[in-house]
């Protein structure tokens, strides 16, 4: 994985400050150590799930589902996976029904994930599913040790795994939360963690990723008022759900009150997929307000070996320039053309990330890169990356409304 | 469909100006008349496609695919459709391969859609597919009359339908572009157009939709610098692809140079799905910078009749408040709770749209509502809603790069 910045960011003091700050928080914040964890217990646990299980279903929402989904959807198209992953992540009854129709309860294992152990959506769905399949061995629970869900699981003799200490939901993909469902589907989580570890070492041990990460973080933070929107423009359909994971990580970590002021601050994440969104969002990037930074993501080698045939169509001879071009070349050329077309006025901060190929190692790298970037920007914006106080009020109001229905 | 604004917008002159402007452009801009069109030719054409065809595949990108996809994905979960719709809308070779594996070429009809008749992505894919299935009767082409694609189709005796005059790609969903694939899948396009017509009449004939549309448009335009981001927060998984359609419509229509200034202007669209994005984006809406307006969309009746069972789980008794609540009630209560939680400081412009149910009529209404809103806001922002000059430069650069490979 390579990262090239097309803008200038030269603030050595701010860079040093940000680096120091996240180096210091490594013993307090759990996600930093996940690439170095011993995954033997997770692998051993996964081995106990019967071979007859064909479908893995996550019942979870937000940080409990987005990470596993991002990785699964990235590697699925190029792998013959052992099992199929489904997700219940909405209380939309049509969605629940549609997913239920796709699975066979007798050959499904459910992973119920709730860090707090009291997530409303998760338990609404769990109760519904449990009423259809009241067999506790068909469920694994993942939660914080000591949570109400942990106590429930103990009480009913169910299997329970824990979210490691001090790992927040949106930073939990490389813990049991993401790893267990992925292992059960047959995804190479060892490579996944190696990819993450490579970025970690390269950042903390002054490797090749330190400079772009620090320069980018400082630029984003210093220019947060002018460039308040940060787009990922990924030239790969497989990165669609990675973009959703990024949106949560970025939006929920950086949209905050500042620690030492009364200000609302935040950076707004947007995920785009190329070349599709050249025909949708690009016009706004090109001619719209200059309020967006863009990170282009390319795949160096799709490894599909598909080439546009050498066919000439009458009246469409102008398109013969496409003939005998591989799709790999075409899609990356499309990306380069858009970068060039945007870069000429210099007022849109652009960078590009080149991923070598579509595999678990690569997505592990990309995930850890974005986690580090998020932590750095949060520090520089004087916000706590790891809490989410703003969502509590809605939960309280919902509880009151639900209680009213009981009277 | 009902629309309620939670913010004050009182600018009768600007409202009258915007109304007049779009009333005047009705004879120049084609999309306005689409709800009133005679669809007999499309229905008759669809009848000629063999009954043995099981899959409909759109080869198209942007305005050629997003509309049909939005409608199909909205109604599919609650309908037994006649045929399955697939889309080729990317040059990503992994994506092309994955889709190819899902269809049987012998029972597939391809609809190749390109308004200009020279879209690079569409022809790269068409050439590839045609090399696998060189049977011209398996294809229908939809393009502008007289385009290079039209000439090609005539030359090879292929079936061709036209995009009506003066209908832009992103406003073309209610023309043959969207209607043909939808009819072939068995979707009730008559209801779809009736839904659109209802909104049209209600707007132009001083019905119930005129006031909210005008007030909302004026507020968005007047406050474009402060609230430069416009979120849809739809409490229905079925509206996921409607959000993608909205993103193109809004971003590509409003991200422009002003007609009479040197300014870059634009409003940035974001599509969110509830309750999922309560666990992702909501923190940013609540505590982040006050730069976003939000339109909540609810479904009044999901018609699934699913209720959370009356099960009490040990240690999780606090969640018994969910028991015996229907999922319809829960998801809408979640939406209302979030609206209440955001509204209390009054500095986030919120409105809500209530859709009666999940059907073609409803999505037709919603589409036309957003088309009218886009036209109004564009007029008030002094931009041309119907062109996209900013994407040309990238195309020119791509052509040069492709030509270089030929030397």
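Heads up, residue numbers simply count up from 1 along the chain you see.
Glycine residues also receive a Cβ, built from the backbone N, Cα and C atoms like all the rest.
On a predicted model such as this, the values are computed, not experimentally measured, just so you know.
As written in TrEMBL, here are the features:
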{"type": "ACT_SITE", "residues": "A:252", "note": "active site, proton donor"}
{"type": "ACT_SITE", "residues": "A:279", "note": "active site"}
{"type": "ACT_SITE", "residues": "A:395", "note": "active site"}
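Here the features listed in TrEMBL are placed on the structure.
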| residue | record | Cβ within 10 Å |
| --- | --- | --- |
| A:252 | active site, proton donor | 32 |
| A:279 | active site | 26 |
| A:395 | active site | 17 |
Item to check | C-alpha spacing of the residue listed as 'active site, proton donor' relative to residue A:395 (active site), in angstrom | outcome: 16
Checklist entry - residue A:252 (active site, proton donor) to residue A:279 (active site): how many Å between their Cα atoms? => result 28
